[in-house]
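Here the structure comes first, spelled out in structure tokens, and everything after it is commentary.
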Amino acid sequence: MSMFCFQCQEALKGEGCTAIGVCGKTSEVSNLQDLLVYVLKGISICQNEARKQGVSRKEADTFIMDGLFMTITNVNFDDSRFIEKIKAGIELREQIKAALENAGAKLPENLPDAATWTAETDEAIHLKSHGEEIRATKTDDIHSLRELIVYGVKGMAAYAQHAANLGFENPEIYAFMEKALAATIDDSLTIDELLALTLETGKYGVDVMALLDKANTETFGNPEVTTVKLGVRKNPGILISGHDLKDLEELLVQTEGTGVDVYTHCEMLPAHYYPAFKKYEHFVGNYGNAWWQQKEEFESFNGPILFTTNCLVPPAQNASYRDKVYTTGAVGFPGFKHVTENAEGKKDYSEIIAQAKTCAAPKSIESGELVGGFAHHQVIALADKVVDAVKSGAIKQFFVMAGCDGRMPNRNYYSEFAENLPQDTVILTAGCAKFRYNKLPLGDIGGIPRVLDAGQCNDSYSLAVIALKLKEVFGLEDVNELPISYNIAWYEQKAVIVLLALLALGVKNIHLGPTLPAFLSPGVAGVLVEKFGIAGVGAVSDDIAQFMSR
């Protein structure tokens with residue numbers, strides 16, 4: 001096989017991609033991603049020792065975080081960026097070793113290859129990336145748990161980076177990420193120890209989502225109930241996709257007064273819920289649906305597109321928008337223009353704005369409105385109304401349907417599930433999974449919409465806060481006693497950290513779909529079923545009947 005990757009839900013045949021990624025990444029990029037993670041594990045070993053000696057490097061924390069983010073599904077397809085990052089990682093690792101030596105400390109003997117391997121040429125890097133020791137091909141329980149931890153830490157890194165971009169950091173989160181990475185190449189650890197580390201990963205997942213929630217709300221205000229337009233205006237526009245709100249803010253500031261409108265796409269939709277962005281009259285609305293429909297929607301948008309994070313889908317060779325796509329941050333694709341920070345940490349979007357002015361206005365693909373903004377602060381403000389609806393029987397059950405969307409036909413399950421839920425139920429959602437049902441006419445219960453959108457995938461934290469608040473209000477001992485069921489759709493590694501966070505909070509009986517992760521060995525899957533009641537999804541009618549009988 002020329003590659004092996006099973007980190008996302010669309011792994012080929014439910015087993016793994018071996019020639020080219022279903023996501024579109026080449027075998028070369030896949031192998032380089034694996035090698036970068038390998039190098040990051042080596043850096044983590046050295047950084048852990050340096051931390052003990054008081055000579056750890058802050059730039060190493062950031063480097064590891066950024067490097068992990070680059071390897072998340074649909075973030076970066078540019079092999080040159082990975083080669084550059086690997087070279088920089090080796091150099092940084094050796095600098096940490098030198099700092100340890102200068103401090104009179106010694107690294108452990110018999111360091112693993114990840115902490116000692118070096119290369120100076122692109123050829124040497126490519127050669128190493130094809131090595132069997134780099135790939136996660138084994139499916140025994142130990143390796144399965146290692147991959148589960150790595151993917152959780154990747155999701156953690158993404159959320160940590162968004163918070164850091166806004167000036168909010170937690171050194172304990174960096175230290176844990178490095179501890180966890182190093183542990184995944186420690187052959188002395190037992191299955192029980194790795195299971196404990198998996199739950200600890202979930203605990204820090206809660207912490208990092210709380211940190212990002214704090215960063216977003218203290219910077220941009222608490223999300224509030226908001227109506228978002230789905231139509232278009234006659235001005236040229238820029239479409240911004242991804243999750244990074246700082247990038248959005250900079251783009252809005254720089255486009256103000258230019259005659260160029262700004263539209264959100266996919267996971268950027270919830271930005272409309274934040275008070276700070278409502279002052280921008282040219283922040284028009286949302287264009288399109290979930291990430292996997294971008295090839296068609298980008299053609300009709302006409303203007304340039306800015307990717308701040310995933311999910312980027314490689315465009316067709318003859319796509320009319322190929323020369324209009326810009327990337328920034330961890331995102332990359334060969335031939336796309338990449339916007340970097342200057343020395344002051346600012347980004348210059350003048351080129352994308354200039355190009356937008358030469359483009360036709362977006363073509364209308366739909367009309368109407370969406371309502372969202374039901375993050376924890378807003379829902380808790382409405383707590384009396386919600387509690388009364390539950391006590392009166394108007395609301396029988398809540399369904400947490402957070403997570404990701406994807407292109408596989410079996411994801412129609414989530415639309416059908418939402419449509420067939422009893423009228424006395426309410427959906428709590430976050431992430432792009434919402435696009436399977438947020439435009440369905442599901443109505444409301446006494447003025448409470450039957451779909452309450454908290455925001456982006458990281459705002460699954462809000463759903464947990466809401467659940468814990470309801471537990472308190474109803475005087476319950478266990479969050480699982482609430483009339484809340486969990487039917488989560490996953491796709492990539494941020495969904496993994498959300499899942500682990502829910503488990504760390506004690507949530508049980510989560511249904512995960514549309515398929516279970518390929519990286520879960522039968523033994524590990526069995527433990528998740530036995531200890532936490534994790535289950536897959538089946539027929540819509542059967543699943544609803546099972547949920548409603550609890």
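Don't overthink the numbers, they just go from 1 along the chain as shown.
Backbone N, Cα and C atoms are what each Cβ position is placed from, and that goes for glycine too.
Take the hybrid [4Fe-2O-2S] cluster site that Swiss-Prot assigns to His243, Cys311, Cys404, Cys432, Cys457, Glu492, Lys494: the candidate from Glu218, Glu267, Glu281 listed for it is Glu267. All protein chains included, Lys494 (hybrid [4Fe-2O-2S] cluster binding site) registers 33 other Cβ atoms within 10 Å of its own Cβ. Taking His243, Cys311, Cys404, Lys494 as the binding-site residues under consideration, the smallest Cα distance to Cys23 ([4Fe-4S] cluster binding site) is found for Cys311. On a Cα basis, Cys8 ([4Fe-4S] cluster binding site) lies 12 Å away from Cys311 (hybrid [4Fe-2O-2S] cluster binding site). Rounded to a whole number, the C-alpha distance linking Glu267 (hybrid [4Fe-2O-2S] cluster binding site) with Cys8 ([4Fe-4S] cluster binding site) is 18 angstrom. When the Cα atoms are compared, His243 (hybrid [4Fe-2O-2S] cluster binding site) and Cys8 ([4Fe-4S] cluster binding site) turn out to be 19 Å apart.
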